[in-house]
Protein chains: 6
Amino acid sequence: MRPSGRTAQQIRPVTITRNFTKHAEGSVLIEFGETKVLCNASVERGVPRFLKGKGQGWVTAEYSMLPRATHTRSAREASRGKQGGRTLEIQRLIGRSLRTCIDMSALGEHTITIDCDVIQADGGTRTASITGACVALVDALNWMRAQGMVKVNPLKEMVAAISVGILDGEPVSDLEYIEDSKADTDMNIVMTEAGKFIEIQGTAEGEAFSFDEMNSLVEMARHSIRELIDIQKQALA
Amino acid sequence: MRPSGRTAQQIRPVTITRNFTKHAEGSVLIEFGETKVLCNASVERGVPRFLKGKGQGWVTAEYSMLPRATHTRSAREASRGKQGGRTLEIQRLIGRSLRTCIDMSALGEHTITIDCDVIQADGGTRTASITGACVALVDALNWMRAQGMVKVNPLKEMVAAISVGILDGEPVSDLEYIEDSKADTDMNIVMTEAGKFIEIQGTAEGEAFSFDEMNSLVEMARHSIRELIDIQKQALA
Amino acid sequence: MRPSGRTAQQIRPVTITRNFTKHAEGSVLIEFGETKVLCNASVERGVPRFLKGKGQGWVTAEYSMLPRATHTRSAREASRGKQGGRTLEIQRLIGRSLRTCIDMSALGEHTITIDCDVIQADGGTRTASITGACVALVDALNWMRAQGMVKVNPLKEMVAAISVGILDGEPVSDLEYIEDSKADTDMNIVMTEAGKFIEIQGTAEGEAFSFDEMNSLVEMARHSIRELIDIQKQALA
Amino acid sequence: MRPSGRTAQQIRPVTITRNFTKHAEGSVLIEFGETKVLCNASVERGVPRFLKGKGQGWVTAEYSMLPRATHTRSAREASRGKQGGRTLEIQRLIGRSLRTCIDMSALGEHTITIDCDVIQADGGTRTASITGACVALVDALNWMRAQGMVKVNPLKEMVAAISVGILDGEPVSDLEYIEDSKADTDMNIVMTEAGKFIEIQGTAEGEAFSFDEMNSLVEMARHSIRELIDIQKQALA
Amino acid sequence: MRPSGRTAQQIRPVTITRNFTKHAEGSVLIEFGETKVLCNASVERGVPRFLKGKGQGWVTAEYSMLPRATHTRSAREASRGKQGGRTLEIQRLIGRSLRTCIDMSALGEHTITIDCDVIQADGGTRTASITGACVALVDALNWMRAQGMVKVNPLKEMVAAISVGILDGEPVSDLEYIEDSKADTDMNIVMTEAGKFIEIQGTAEGEAFSFDEMNSLVEMARHSIRELIDIQKQALA
Amino acid sequence: MRPSGRTAQQIRPVTITRNFTKHAEGSVLIEFGETKVLCNASVERGVPRFLKGKGQGWVTAEYSMLPRATHTRSAREASRGKQGGRTLEIQRLIGRSLRTCIDMSALGEHTITIDCDVIQADGGTRTASITGACVALVDALNWMRAQGMVKVNPLKEMVAAISVGILDGEPVSDLEYIEDSKADTDMNIVMTEAGKFIEIQGTAEGEAFSFDEMNSLVEMARHSIRELIDIQKQALA
């Protein structure tokens, strides 16, 4: 029995609020239960130096937790003077995941930056970020089309992500914090609309895991991601 | 005529939402029109080194704007590796303003940190931060009393702040961004419930200002701050 | 009775030594009693990136205290790896104050940087810096005119600054350190030759202050700044 | 046909040189073909602050590439003033992988730091680092036992890692640089002696990958890691 | 013929002003012609961590140039966020030179920090710093004796330093900037009162130098340092 | 009697291995007994900004010790966020020494960076770095000639370096760590093939040293450097 009363496969209620703030070209508040992440997509002309003159665009992401998004306050990275390893790792993952579903030539020499700021954390912030960022990215691309900045839609397909894990020997989907802190294995999976994988990151927290456990986790994730992509599409409809 | 149709003295609609996030001991979303700031108060045992063993508490603040709180995206301070001068100046102002209304002996050896994170900016973010932070501080102090961490209420009186300025030769209260960017003089005033001043910061942006202009701005601010303190009290009722 | 035997309105002896060092285009040592600040103005061709191609100049300031300018040694900011919030706040104030009295179009695409380095501190270092920096700026502008770098004088009017405060319930002008550390309210005021205000920064250190107290401080500051502008002019004569 | 003439499953020649340097408690040069990593294990008394007084030890890792380990010189992180995201991500992976195979209570309040410095890079530096670091760790633990610093062997089982990927539609093991730069999918797998997984990190570089592709890569990795563990054991024999 | 009309052996007029600032336990302005360095010695209880509990003291130095001490303005190290290699090299040299002439046991667990801030530079700032710092150190030691903080004088002997070089094939002493920038060889020598060497740092700027040239430079330096030690002693008399 | 049984003048066995790594244009592992330094020379088109358009090249060096090159592990500079003073001082010395023997016009607008990474330290790492770096530089220059990037050989003459010191009152050459840590005087000397000096850096660690001691050390160094230049030439033959 899970703390929330959910079944093993059941994800938390997911809410996607578009146009959450007014300045960003795409602005999405995504909620997975008590986890709340604001995903703002900003469009800028030009590309980083390594891409100049190649006629391609760039998509990148930054991630941060507000200091009191968590149970106890964590030091603000801006005042510590550097981003921690966990932050850098997560924002690299978000950026990579989004780039896979964009046709960079169709985007032209524009950069889209997705800022994922965690307002409240209760497990699964990185996968909620990817799922929300994809919707914000779609809104930003639609804004660009309305402005005539792109001619064809650079989006190849939607992408979403889920965290799954082994808890008391059983695979479960969409772990909340209290589950995550006890899980033996934690796996973050990013998948496309077409059901293919962009990222699989599985980590044994306590005991190492078997091939069969891995496969049951992956199967569970596929199912949840299909649900998430439906929710994204409804939000965009 | 102001862009919003407000009178010179009229402030924007102010909304205070308590318990906006679930982890912080005090969590307030304050909105001055389109300006939205999340103020989270965190209580920790212990005090900074310079206060150890003196039987006193400490109140401090940190301030940040989300990168896309503004019209165009600004670089994330955590990734630039340092907080800018404007950020440091504002968070010092917030901390100083709050400390003035707390009895540090009554607080005992505890530290309260107020994180003011601007979700959306439309002028007046520092004064909105102070006004919201005071409510979050009250909630955190009430939480401490409920926990038995303090015996008497360390709060001496409420504090609120407003931005006033001279626009086209006329003093106006609570400038929104479009007004602020054209104002000749910008003044931020922090006042107590009893109508006394904690901070006055007036800056000539274009032309220098006269003694009479200063006085009419201060008078306007006093009136608006009285309104804000009423709004704070209703929110806390 | 003040420690120095001065009356409430009386400022400390002020000395302005021009050409204190030989390389800078303007070099002024200003002394307010025991407070000594070296203000060096450096002229450089070109402007910061945000001004390029606009035909305008720029004036900026940097401020620092030598580690042993104070009673006890404070850590060198260069070796700590960053400038503190107080330093950034003060140098922003000095820069803003000086820019208000310069016609940036007349200056053309040149940058003047004023370095204010506190050799010895005894209260009022930021206001002494502004007062001395203005004289160094005039010398640098005169040097530019002699070089043919500017055609008309970019200086609109002189600017000076004073610190005033409430000590044992009485307003006093030009606080020295021992007074400053006990004052209830501390106010820094920057004023032009024409008697108008550029900056007013009043802070309640202990008790909040009233409207009447504010007005009596401002009045006292106006009188002292008029004296300072006379002293600047004599030094430049 | 692979550039080296290897079969799809075939790993490069792996050489493990123990006692490569003389000061470290464990010092291993590991070579996977032209990839060469020096893994030095240092034993220190005491543990990081978050573990003090718990009677447990700690194992951590640092990773770096010499500036000219690669085809073109990359800037030295020490002179840039910070470690990049890739570096932090890799050293977190190495540390996590090693900690899983250590009984921290048996280690007692000691810290073992494994420095993995890449002398020459030709693909697979992170997996070579893990494989070599495990041998250096064993040597350091043996040194501790000889010194009487630990009573029972804290090592639970050996760990090794391999990089596998999909190249021109075919799964291959142990990619060298020229293969890695063209691969569609890149997967790093860390496995224990008992054939269980510690980490699986699969990334779609170009096209997303299918469930079947994932499984064939994992299968290939299992086979290669079994080979690597044999090589480790021979080196330690 | 030297630009100043000096003979090859002749040093510039040297002035030592004690008690230049009022807070430091030793405060010396030293001038070698147009080179002016303020050397402030600060006494603090306690020693750095590596010396705790050993009953010994510590002497260290910091060095900095004011941004406009030179012909053109150089960026302030505090605002660049780090001290440059030249700065670190010089302050290590000053600290080492002073430590050699102090009996650290007699000093007891106290730290003396000498801040050498170059007000105006015209060549030879590092050697002027050492020469002035020694006098400031003596003043600080005398202050400690007056306070009863030390019982016997920790000073073993005086130390002074000079810069010598080869200019147009001829050895000259105490190079000013215009000479220094053209010299083929630059040598900084630190010597004790007893005529022994603490540091010799000779650098070929253009052509390599011969054994005979080295010896004539050293001979010239010995003579000048003897003069400097006389000047120090007169200043202290 | 020296710990190694060497005579006072005798240097340790010196080994130079060229082409130690495969990517660098010059790659040398130099060993002075147990001291091992990898010197990689990288050729890049273009020069630093201060040299642009002058038709000259640039040679620079970076130095680092692997964290466990020493008896006890020292913190990695990249993770501490800055290079220490000792590191900066040494890499400035290496760069200066190499530049003296290169004709920068013949090099053309190319930059050669020599990375000296200490794999194992046993005294004399900076002088081993210079001696090895010179060989790596020659290899890089030969590579440039083969590529047609330079027409005439920019190398004017070979350069090598040795550490000498006074141990128990006797001058000795090529100190190993155990000797270096006890030496009264430590002198690093860089000399050209023609027997002239590029750098002399002598430091009194304990007692100050006399003119005669200096001369006997320099004499000893000359002899050892002649040996080293022979070894360099044999390696390059």
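Cβ from N, Cα, C; glycine included.
Within the same chain, residues at least 6 positions away in sequence whose Cβ sits under 8 Å from that of F:Arg126 (phosphate binding site) are F:Tyr63, F:Ile90, F:Leu93, F:Ile94, F:Ala161, F:Ser163, F:Asn188. Annotation comment: Swiss-Prot describes F:Arg86, F:Gly124, F:Thr125, F:Arg126 as phosphate binding site.
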Other CB atoms, at most 10 A from the CB of F:Arg86 (phosphate binding site): 14
Cβ within 8 Å of the mean position of the Cβ atoms of F:Arg86, F:Gly124, F:Thr125, F:Arg126: remaining residues of the chain near phosphate: F:Tyr63, F:Ile90, F:Val118, F:Ala121, F:Gly123, F:Thr127, F:Ala128, F:Ser129, F:Ser163, F:Asn188
Site with most surrounding Cβ atoms, counting all protein chains shown within 10 Å, from the binding-site residues F:Gly124, F:Thr125: F:Gly124
Pairwise C-alpha maximum, in angstrom, for the residues (F:Arg86, F:Gly124, F:Thr125, F:Arg126) that bind phosphate according to the record: 13
